[in-house]
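According to TrEMBL, the active site, proton acceptor annotation covers Asp654. What TrEMBL lists as ATP binding site is Ile535, Gly536, Ala537, Gly538, Glu539, Phe540, Gly541, Glu542, Val543, Lys561. Among the features that TrEMBL reports, disulfide bond is placed at Cys25-Cys147, Cys60-Cys70. Summarising the annotation, TrEMBL assigns domain 'Eph LBD' to 1-165. Taken from TrEMBL, the feature domain 'Fibronectin type-III' covers 286-396. The feature domain 'Protein kinase' is assigned by TrEMBL to 529-792. For 821-885, the entry in TrEMBL reads domain 'SAM'.
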Amino acid sequence: KDTISWEEVSGYDENLNTIRTYQVCNVFEPSQNNWLLTTFIDRRGAQRIYVEIRFTVRDCSSIPNVPGSCKETFNLYYYETDAVIATKGTAFWMEAPYLKVDTIAADESFSQVDFGGRLMKVNTEVRSFGPLSKNGFYLAFQDYGACMSLLSVRVFYKKCPSVVQNFAIFPETMTGAESTSLVIARGICIPNSEEVDVPIKLYCNGDGEWMVPIGSCTCKAGFEPDNGNVCRACPPGTFKSTQGPGLCLQCPPNSRSTAEAATICVCRNGYYRGDGDQPDEPCTSVPSSPRNVISIVNETSVILEWHAPRETGGRDDVVYNIVCKKCRADRRSCSHCDDNVDFVPRQLGLTDTRVFISNLWAHTLYSFEIQAVNGVSNKSPYPAQHVSIDITTNQAAPSIVPIMHQISSTMNSFTLSWPQPEQPNGIILDYELRYYEKVSCVCVCVYLFYHMSVTVHMQSKRHVKSSLSTLVVLELSLRADMSNCPSPLGCPTHFSGSPGMKIYIDPFTYEDPNEAVREFAKEIDVSTVKIEEVIGAGEFGEVYKGRLKLPGKRELYVAIKTLKAGYVEKQRRDFLSEASIMGQFDHPNIIRLEGVVTKSRPVMIVTEFMENGALDSFLRQNDGQFTVIQLVGMLRGISAGMKYLSEMNYVHRDLAARNILVNSNLVCKVSDFGLSRYLQDDTSDPSYTSSLGGKIPVRWTAPEAIAYRKFTSASDVWSYGIVMWEVMSFGERPYWDMSNQDVINAIEQDYRLPPPMDCPSALHQLMLDCWQKDRNVRPRFTDIVSTLDKMIRNPTSLKAVANIPAVPSQPLLDRSIPDFNTFSSVEDWLAAIKMSQYRDNFLNSGFTSLQLVAQMTSEDLLRIGVTLAGHQKKILSNIQSMRVQMSQSPTTMA
């Protein structure tokens with residue numbers, strides 16, 4: 001202090017208690033500059049300091065003869081320093097660069113009367129200053145002509161106290177440098193709790209109060225909340241399976257927990273928990289064996305029926321597996337049945353207590369085991385409970401004579417040979433051969449010969465088309481003159497199947513493919529066709545939209561495929577082969593051939609016009625706009641078309657959403673039969689990859705077709721499963737960005753596609769059925785149509801959305817979530833999730849950073865113009881993934 005002007009004296013406070021004060025009252029002398037300096041004050045880490053001053057001031061007007069220099073205010077200063085630099089007796093404060101805090105005026109001043117009556121008028125003022133960064137500071141009070149007393153000076157700082165909130169501990173936290181500052185305090189979860197979503201934190205405001213809590217901790221699995229901010233271990237006999245605010249639960253039936261903090265109750269001996277069972281569900285056991293099995297044998301087929309097990313193990317998911325064994329007559333040994341044995345509806349996973357088994361060997365002993373299994377049978381160390389039945393098939397006709405060969409011929413005779421049937425089904429007594437006479441000669445046509453292989457049991461007529469190795473030799477003598485016989489091409493060209501059934505005839509079996517075109521495709525006069533506009537390009541030329549006006553019929557919109565100029569004869573033949581194929585079909589879910597133009601140029605194939613184009617692009621353009629029942633209706637139409645083709649013994653080989661066309665009524669029709677038989681090597685479509693004999697659409701093709709080029713209706717069923725996935729994902733590319741080789745490797749390792757977003761579990765299960773590795777186990781198109789019809793009639797079966805279980809029944813591919821850290825902008829992120837069309841919506845609405853996008857809600861999306869429900873779900877799903885990644889990278893949010 002200034003020892004001359006400020007004096008330390010005894011005085012009184014407002015309660016008339018004796019106190020020590022500093023006072024100054026040199027009001028009669030002008031130009032006063034009296035300083036009072038505190039000792040060094042340690043900052044103790046505070047950034048802002050508060051000073052409370054209690055003082056009294058004499059009213060200048062109450063002092064007689066006081067000059068005009070009398071003041072009723074004083075100044076408060078501070079000086080920051082890292083060390084003690086002022087001591088008693090020095091005049092450091094006279095030179096130091098003090099910073100002024102404020103000029104302080106009294107709210108009340110006292111007069112001589114007040115002083116005489118000992119009426120104290122004490123003023124209290126609080127001032128603050130900061131930010132401070134050095135070790136400590138000095139305070140200084142400057143008097144420049146007042147009569148006043150300093151009763152007390154209290155120097156303090158503010159802080160938020162240590163607190164436990166939302167199951168997290170927050171440390172004592174100093175306030176910020178400014179009174180409006182908010183200081184972030186990171187919380188630490190209390191013992192046995194964990195963070196939820198985002199890092200937990202509180203904000204300490206300038207008044208030392210906690211505010212704006214973000215995030216929280218909750219008790220982890222095995223612990224429950226107790227008394228607000230304590231996580232207590234679950235006692236024995238209880239459990240808690242997930243993190244969260246929930247309480248411990250009693251162990252479900254047939255399970256127990258013997259230790260504290262159990263996250264799941266262990267099943268008792270003989271009881272198990274299925275892969276899809278929740279921890280709070282009872283443990284269950286395996287079913288007992290089926291009962292009362294009966295058999296109905298019909299030649300080389302058998303129907304088995306049985307009753308359900310008495311005990312289901314406490315579950316409602318009992319299914320049945322059939323084990324087929326072919327045994328020797330003496331029953332000494334048995335082996336597994338041949339792969340061509342057919343089980344309807346399937347061999348494994350039967351839900352009905354009935355199965356039809358065909359393609360058995362005649363007069364053969366079979367043993368069948370009917371196993372009852374449920375969702376926990378794979379957990380039991382014991383084999384499934386089963387019931388066995390032995391049956392012997394009836395006598396049957398021999399199998400077909402596979403090949404026939406002409407050894408020699410003369411003008412009036414020829415010699416034929418053929419091997420014995422692969423399945424004689426008894427002792428063959430003789431063979432019968434038939435031939436037809438035509439135009440005064442015998443027309444010998446290989447496919448017109450009929451053999452009647454006769455056994456001791458029965459007779460059967462078998463039709464033979466091919467000819468090769470010899471076992472049986474027959475010589476025929478012909479009496480007629482052969483010199484005038486027409487070419488063998490005059491023989492009948494095809495046969496029909498059983499009455500009422502139409503059989504597909506491969507146009508490539510015709511020596512002259514033009515004959516197939518004339519037989520199956522109608523020639524259209526070019527004058528009835530009007531070309532309007534190009535709508536695409538095919539393998540052989542451009543595709544146009546146009547009109548067709550046939551005499552006596554109304555005008556139709558049509559699609560017109562043209563053969564480009566400069567073609568060679570093979571290209572013309574291949575181009576028209578599609579018409580020869582298509583012309584044999586007549587079904588509402590197969591693209592309809594209107595006719596061909598071959599007598600003028602360009603050569604044309606004219607089909608019905610499908611307004612909405614290819615199914616895959618149509619779905620992508622209308623992402624999220626169709627209900628599940630509408631999508632199932634599309635799938636039902638496709639399966640109906642494929643059922644028709646399979647019943648005609650036609651194998652498509654290239655079934656994919658790009659080869660399904662959609663009309664204005666959303667009717668889906670199978671198309672593109674040009675690649676169905678010969679997949680050409682020169683196709684440039686990246687969907688196809690090279691394979692022996694051509695290119696194969698790997699992502700849509702069954703594994704046996706890729707490996708062995710074994711195309712059947714069962715391989716078409718596999719492709720149909722991929723089409724289902726395309727439809728339910730609104731045209732997403734199967735297997736995403738995986739290479740074709742990676743797809744092949746994944747399928748060989750039994751990986752399958754996961755359910756698309758919001759896909760009903762029943763539909764995904766049907767997909768998995770179509771993707772069975774064993775083609776004999778896959779459903780037929782008849783079964784698929786029936787299953788989809790049941791779903792359409794019972795829409796509630798489509799409400800359960802497929803969720804990938806922790807341990808799925810078969811491994812599912814997992815499409816990696818885009819790492820938001822790799823994106824430099826919102827535009828990049830939208831492009832990665834294929835939602836670039838909303839770029840301007842986001843940016844114009846202020847969502848210009850990924851941190852802002854991560855906080856968006858469904859209301860925000862609706863507000864910025866994302867109105868399609870499917871697009872909202874897709875964007876929100878990716879936003880949730882972004883939040884998860886941000887929570888794992890707290891520095892990103894800082």
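Positions of Cβ are set from backbone N, Cα and C atoms, glycine also.
Annotations in TrEMBL come from automatic prediction, not curation.
Ile535 (ATP binding site) falls within a strand segment according to DSSP. Taking the centroid of the Cβ atoms of Ile535, Gly536, Ala537, Gly538, Glu539, Phe540, Gly541, Glu542, Val543, Lys561 as the ATP site, the other same-chain residues with Cβ within 8 Å of it are Thr562. Among the recorded positions Cys147, Ala537, Val543, the residue whose Cβ has the fewest other Cβ atoms within 10 Å is Ala537. For the recorded site, Cys60 (disulfide bond), the DSSP three-state label reads helix.
A gap of 18 Å separates the Cα atoms of Ala537 (ATP binding site) and the residue listed as 'active site, proton acceptor'.
Residues in the domain 'SAM' (821-885) partition by DSSP class (helix H, G, I; strand E, B; coil) as 46 helix, 0 strand, 19 coil.
Taking the C-alpha atom of Glu539 (ATP binding site) as reference, the shortest distance to any of the recorded positions Cys25, Cys60, Cys70, Asp654 belongs to Asp654. Taking a C-beta cut-off of under 8 Å and a sequence gap of six or more, Cys60 (disulfide bond) has these contacts in its own chain: Val27, Val66, Cys70, Lys71, Glu72, Ser109, Cys147. For the recorded positions listed here (Glu539, Asp654), the lowest count of other CB atoms within 10 A around the CB belongs to Glu539. Applying an 8 A CB threshold to same-chain residues 6+ apart, the list for Cys25 (disulfide bond) reads Arg58, Ala146, Cys147, Met148. Among the recorded positions Cys70, Ile535, the residue whose Cβ has the fewest other Cβ atoms within 10 Å is Ile535.
Within the domain 'Fibronectin type-III' (286-396), the DSSP-based counts of helix, strand and coil residues read 3 helix, 52 strand, 56 coil. Proximity of Gly541 (ATP binding site) to non-local residues of its own chain (separation of 6 or more, Cβ distance below 8 Å) is seen for Lys561, Thr562, Leu563, Lys564, Pro602, given in sequence order. Across the domain 'Eph LBD' (1-165), the prediction's mean pLDDT works out to 85. Secondary structure at Gly541 (ATP binding site), as computed by DSSP, is coil. Spread of the ATP binding residues is 14 Å (greatest Cα-Cα distance among Ile535, Gly536, Ala537, Gly538, Glu539, Phe540, Gly541, Glu542, Val543, Lys561). The distance from the Cα of Ile535 (ATP binding site) to the Cα of the residue listed as 'active site, proton acceptor' comes to 22 Å. Distance from the CA of Val543 (ATP binding site) to the CA of Asp654 (active site, proton acceptor) is 20 Å.
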